[in-house]
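What TrEMBL says about this one:
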type: DOMAIN; residues: 13-88; note: domain 'Disease resistance N-terminal'
type: DOMAIN; residues: 179-359; note: domain 'NB-ARC'
type: DOMAIN; residues: 392-562; note: domain 'NB-ARC'
type: DOMAIN; residues: 655-707; note: domain 'Disease resistance protein winged helix'
type: DOMAIN; residues: 786-887; note: domain 'Disease resistance R13L4/SHOC-2-like LRR'
type: DOMAIN; residues: 919-1028; note: domain 'Disease resistance R13L4/SHOC-2-like LRR'
Amino acid sequence: MEEIVLGLSKTVVEGTLVKVKAAIDEEAKLKLAVQSDLVFITGEFEMMQSFLNVADAERIKNNAVKTWVRQLRDLAYDTEDCIELVVHLDPKPRWWRRLLVLPCLPAVSLPMDDAAAEIKELKDRVEFVSQRNMRYKLITDFGGAKSVAQQQLDRAAGALDIAVEEAAKKGRSLVDLTELIPKMEDRPELGVISVWGTGGDLGVASIVRKAYDDPEICKNFHSRGWAKLTHPFDPRKILRSLFIQFCTNTAAPQKQGETLDVDSLLRMEKTVVEEGELVKQFVSHVSTHRFLVVLEGVSTMAEWDALRMYLPDMGNGSQIIVSTQHFDIASLCTGQLHKVSELRKFTPGHSVCVFFKEVSGGDDPGNAMLEGDDETELIGRDTEEDEHMEQIDEVSRVISVWGIAGVGKSALVRSAYCKYLQDRPNFAGLNLTYIHGRVNVPHPFNLREFCRSLLLNLSSEPAKTKEDAVAELANMTNPIDVCRKLLSDDQQQKQCLIVIDDLQSTEEWDRIKQALSFGKECCIIVVTNDSSVAKYCSGQDQKLMFNVKGLGDEHALDLFNTVYDGVGNHITRDEVMINQSKLMLNKCGGLPKVIVAIGRFLAKSLNWEAMNTNFIHQLENNPELASVHSMFSWLDSYFHNCPDELKPCIFYLSIFPRRHGIRRRRLVRRWIAEGYSRDTDGNLAEVNGENYFSRLVNLSMLTDAERDVNVAGTATGAGTGRRMAMCNINDFFREYIVSRRMEENHVFALEGRCSQTTRRTGRHLVIDKSWDGDESVFNRIEFSRLRSVTVFGPWKPFLASDKMRVLRVLDLEGTEGLTDNDIKNIVKRLPRLKFLSLRGCKHIFRLPKSLGRLRQLQTLDVRHTAVAGLPATVVKLQKLQYVRAGNTPEEYAVSDGTESSTSVPTCFSCGPVGNHIVGVEVPRGVENLTNLHTLGVIKATVAGLKELKKLTQLRKLGVSGINRRNHKELCAVVSGHGHLESLSIWFDKDTERIADPCSPSNDDFKPPEKLRRLKLHGHTDNLPAWVSTLKIFVTQDQ
């Protein structure tokens, strides 16, 4: 969690810097003294930002550093709040107020004076925090790069911390190396264990030797060999030594009274003399026998790569133990998602640690399931399997299968792959070579290792093609060259079907594609967790992308029951246990991997309530649920590498209840108001927010609520390219995020019956619909740093408190019991709002004139309320960017945010205008709201349309009431608009007599070149002639 603490702190400090610099530029509002203080604060924050940029997660584990980072984050929040207070002040000096003060009374302080005093105090706090860092030397080496030795020591400390934490969780101090070498039935794939000494190689060899000579381990491996690497490095010498030991082990007497196998020794003597024969015999031996190999003294990855190519993974449970003095080598040889534990502690400065993988099945946690379980985990996947089979039934394409880790992508692809090969016609007798195989991408990525593994897992018709390729590999031919020759076009007629599992980046795909030059008749199936990788590999072709979604409730329950009932002597469930199981299934996110794990666990456990209460903690730490531990390694790894600016956006998702539909626009606009998405040199805050949203969709953290699984659990695999309007948070991801809430209570909720004795403080308050509405509990909340309030239950008047002095976001979407008078109180008590949503509040009829006091307001959403017009004071809101208003019958409601930036046909139409309110009236002076980029739906008037011409930054516009009198003014607004992307028009009935109500009245009309979506509602038979010049999809409703 240290990476998250650090990332959130960096984001807060960066946002504060932006605010302070912007405030300095507003000279008209600030006194010279205040300006000088802000300049000082800016310099200090820039320096502290530099400190944070060099602080790593290991250093944040230090309690003193962690405390300093928390203090810095709180200071940054307070500074940002103070700056916004200054900006919010009335710029007029109001000097006359002092002239009215009687001599006998104390002088009246002006708001600017108070602000100046507060900024002065903040300056002192900033200086103290900076000095505290230097005084305790918390983060001081930012001026230069660490030495390699120092970096290794830092990582060593981190590794030991992890080891100690893991040991504490399991109630033990040290692990035994013999316990980490599994039997073949426990893990059939090739295992790699690395042993590393933090202070040198003292004691390493003896620990490894003890495990190597263990009688039980000797019985489990047909061949054993120990090689110590020397310099200069000679791989043939290593192979010769290992092969001699293999043959000696085989020829040696196994029982008392048996004689030595002299013939085997003679063959061995002949083999080791002939170099070419040595490689062939060695590869043949390790390909057909289960082996245990110890490589002592590995010092470079080049040495590891050179030897690893001769030790294939034949699925027989062979094992390699690497002994090294280098932390990086130990980590890289074991591969991604490994664990670290202590084997022995000799002195406080010297321990022997082991790097190992706890779960089998490849690097992708979604692949960590035994293939024998595939049939079970494919419950509810019949339709998806058939769809995927149809995709495979062609060549010369790249099919991308993507979805969240643990959703069962690999199981689905394996099943479809095998069925396709079974049903494939037999072309025996034809001059055709058919090659097929599956391979897991190694991590860290190694192209030679990838190609070597692919060659060993290939099958061919005729078989001689594969045999020749393996022979070349045995003759020391570069596996990349062998793969390229086998899969690329040549004189032979050749077809290929290759599955590449656990692809993690576009860079990996580029290297594979460039190196292997797949032939014209190669069908490649790529399995990945990331949607962006899937799009890249398939060339943006939606028909070749297959999204594997979580199971629906019905199929999730079927899978759980099948697994539960399949466990011998399982516990008979009563009604309480059945209800508990359903609650737990709701937290699984439809992930078969998690469902299978808890099904097997609960079949032998009685404490179901504890499992449900501490769901994530149990999954992550219970040894009996080890099959899902790798998923948390993947999640933690993602958060470790996640961009700092994205981390607060992710944790913000925990505000929304489980399975609560969230509009994309709502989420993005909230991110902007919170400062998580800001304007940058290249993009507006809106664009950056949309990009953040897309990243979370790409990782399946957010799923499309309108295309999600149905009640039967069936999901459509191929995408449509439609921009997601409504999303859900994956249930499992949400549970994970909630379990990682910050020590400062980033998000806290009032739900059910709350205790008055519980201290509640944080940045984001959620009012759940289950809360009993106890006002005394509410009044005990610390409001001073509250940034947002989100209400999902009925409204209570006391929920708007004037103590919420820095509140930015008030989200009341769908709140019941809200009245016009409540809105007056809200505006009076919360003058610093940036986001106000009243969407769906049916009993709101008008907005108060005092709305103009919300000078920081950026987003105003009164869609689907009874508001018929905006107050005249709205034109004072100079920072207003986004206004959504208007009301249509529920059955015709348009989903917000459905416009697309492509020409992919997606239609969300609304019905003809009737007696219902469609657009709201806007006051004169709306032309002054120059920051508006979204406006609609508004009621058209000639004067109002003329003012819209001056809103040059509009991206989205919705207008109702277009008729014979005003349609020409609308054309003038649209003509030549430089930013307009989406236009929605509602026509009155009298447009029936106009041939083309959207046609310009003169030849000066210029179509808006960036328009990508035009929606026409009402009575019109003809489309504008200029539409044909644009790349748009037109929706026309009669």
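Quick reminder: no glycine exception, Cβ is built from N, Cα and C everywhere.
Contact counts against the domain 'Disease resistance protein winged helix' (655-707), taken as Cβ pairs under 8 Å, peak for 786-887 among the stretches 392-562, 786-887, 919-1028. Averaged over the domain 'NB-ARC' (179-359), the predicted model has a pLDDT of 80. Residue counts of the domain 'Disease resistance protein winged helix' (655-707) by helix, strand and coil are 26 helix, 5 strand, 22 coil (DSSP-based). Per-class residue totals from DSSP over the domain 'Disease resistance R13L4/SHOC-2-like LRR' (786-887), listed helix then strand then coil: 23 helix, 17 strand, 62 coil. Counting residues per DSSP class in helix, strand and coil order gives 27 helix, 26 strand, 57 coil for the domain 'Disease resistance R13L4/SHOC-2-like LRR' (919-1028).
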